[in-house]
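Visitor: Quick one: structure below, then a few questions.
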C-alpha cells in the first residue's frame, strides 16, 4: 500500500485498503462461526484439559464473538501505520490495551463475572480500539475505506496475501518454535522447561521491540521505493541496521553479564537459574545479529519481495531453529537445546546476507534502467 502511495497510484491504494479491510471482516466472521461450531475440539487443540475445559469454552466462546472486528482492527492498524500516521495507530492499540487492564478487575471482582468477565473485557476493549482506529482513518490524512472500492481480483488478493505472508510465517513459526522447545526440553525435567521458557520470553520481548523499530522503517521504505527514490531506501535501511545493531550489542552485553540475576527475577530456583544462565549467555553471543536479520526482512517485505521475505521470516525460528532442536540434543544433550537459538541465528545471518546482496543488486539495476 505504501509503495502505491509512493508511486502516486492512489486509486490502487484505495482498492487495496478496502479489499484488505472487508476481507479481514469476512474471514473474522468465518473464524467466529467455525470456532463456535467446533468450540470443544478447538479448546482441546489449544491444550485444554478435562479440568480447564469448562473455563476455556466459556472464555473462548465469548472472545470468538469479537473475531470479525478484532481481525479488521489488525488490518486498520497496519494501514494507518503504513500511511505514515503512527500516532493514530499507537493511540488506538494502546487505548484498547489500557482499557482491557482496567476492565478485567472490574468485571471479574466487582461484577463477579469470573472468567466470562475477562472475556467480555477483552472484546469490549478491542471494540473500542477498533472504533478509535476507524476514527483515525476518518480524521487523519489516511485513505478512506469504502465498500465500492473492493476489488476481489486475483492480482489484488495475491498482492495483499503476499504482503502479509512473511508476517504469518514469522508469528506462526514463532508459536510452533515455542511448542517444539518445550517438547525438546521435557526429557530434562521441569527446571529445563521453565528455564528455556524464561529465556525464550526474554529474547522475544527484546525481539518485539526490534520488530517495532523495523515496522517504523517500513512506511519510509515503501513510500520511497514506490517513488523510485532508491538511495533514500538504502539510506534509511543502513541507518536502521546501525541503530538496531548498536542497541542489541548493548543489550547483549548486559544480558551476558547479568544472566543469572535476570533469570532469578522470573524464578528463584537454583536449577532453573543454572540452566537459564547458560542458555541466555549463548543467545547473547549472536543476538546482536538480529538487527541485520530483521531489518532485511522488513525491507524485503515492504518492497514486495515475498519469497525472500518469507524465507527470512521462516529461517530464524523455523527452517533452522526447529531442526536444531531436533538434532543438537542428540549430540550435546541439554547443551544442544541451550545453544539451538544461537546456531539458528548464525545460520540465518548467512542466508540474510545472500538475499541482501540479491535485493541490493536488483535495486541497483532498477535504478540504472
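The count begins at 1 with the first shown residue.
Using N, Cα and C of the backbone, Cβ positions are placed for all residues, glycine too.
Annotations for this protein, taken from TrEMBL, read as follows:
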- 21-39: transmembrane segment (TRANSMEM)
- 59-76: transmembrane segment (TRANSMEM)
- 88-109: transmembrane segment (TRANSMEM)
- 115-137: transmembrane segment (TRANSMEM)
- 157-185: transmembrane segment (TRANSMEM)
- 191-215: transmembrane segment (TRANSMEM)
- 236-266: transmembrane segment (TRANSMEM)
- 272-295: transmembrane segment (TRANSMEM)
- 307-328: transmembrane segment (TRANSMEM)
- 334-355: transmembrane segment (TRANSMEM)
Visitor: What stretch, picked from 59-76, 115-137, 157-185, 307-328, 334-355, has the most CB pairs under 8 A with the transmembrane segment (272-295)?
Guide: 334-355
Visitor: Based on Cβ pairs under 8 Å, which of the stretches 59-76, 157-185, 307-328, 334-355 lies most in contact with the transmembrane segment (191-215)?
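Guide: It is 157-185 that shares the most Cβ pairs under 8 Å with the transmembrane segment (191-215).
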Visitor: Which residues of the same chain, at least 6 past either end of the transmembrane segment (334-355), have a Cβ under 8 Å from a Cβ in it?
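Guide: Tertiary neighbours of the transmembrane segment (334-355) are 181, 184-185, 188, 192, 196, 203, 275, 278-279, 282-283, 285-287, 289-290, 292-293, 296-297, 300, 308, 311-312, 315-317, 320-321, 324-325, 327-328.
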Visitor: Among 59-76, 115-137, 307-328, which stretch has the highest count of C-beta pairs below 8 Å with the transmembrane segment (157-185)?
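Guide: Against the transmembrane segment (157-185), the leading stretch is 307-328.
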Visitor: For the transmembrane segment (115-137), what are the same-chain contacts with Cβ under 8 Å, counting residues 6+ beyond its ends?
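Guide: Long-range Cβ neighbours of the transmembrane segment (115-137): 55, 58-63, 65-66, 69-70, 72-73, 76-77, 79-80, 85, 88-89, 91-93, 95-97, 99-100, 103-104, 106-108, 143-145.
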